[in-house]
Amino acid sequence: MTKPRKGQSHKQKRQLKKAQDASVAARSDGQKENEPILSPSSKAAHYYRRRADAAEAENVRLKKEQKKSTRRERRHKKQISDLKNQVKAAEKELQDAVAHGEA
């Protein structure tokens, strides 16, 4: 903050001092140097914006996970059907061999 200009009222000087004290107190509470000091309403807005961003990120993550799981399920179903087809083919070969008296 800048120093009050010559001729400023006592009230303006007091407000400036209060703002400087608040910025020092905020920084000592772990607030970053260049982070603005927020009024309660803007703090609430920041809070809800962060919550909305986090919810959106979680939603995207869940959609990706769901996509992966459906892909995985499709792949497993295909593997199962391939194995069933192999079993059927092996049984048919066995029946053909028995029918021809080879086994």
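Our numbering is plain: 1 for the first residue shown, then up by one each step along the chain.
Cβ atoms are placed via backbone N, Cα and C, with glycine included.
What you are looking at is a predicted structure, and each value in this text was computed from that prediction instead of being measured.
So that you can see what the record holds, here are the features copied from TrEMBL:
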type: COMPBIAS; residues: 1-17; note: compositional bias 'Basic residues'
type: COMPBIAS; residues: 50-63; note: compositional bias 'Basic and acidic residues'
type: COMPBIAS; residues: 64-78; note: compositional bias 'Basic residues'
type: COMPBIAS; residues: 89-103; note: compositional bias 'Basic and acidic residues'
type: REGION; residues: 1-103; note: region 'Disordered'
Secondary structure tally of the compositional bias 'Basic residues' (64-78) (DSSP, helix then strand then coil): 15 helix, 0 strand, 0 coil
With DSSP as the yardstick, break the compositional bias 'Basic and acidic residues' (89-103) down into helix, strand and coil residue counts. 11 helix, 0 strand, 4 coil
Using DSSP three-state counts, the residues of the compositional bias 'Basic and acidic residues' (50-63) come to 14 helix, 0 strand, 0 coil
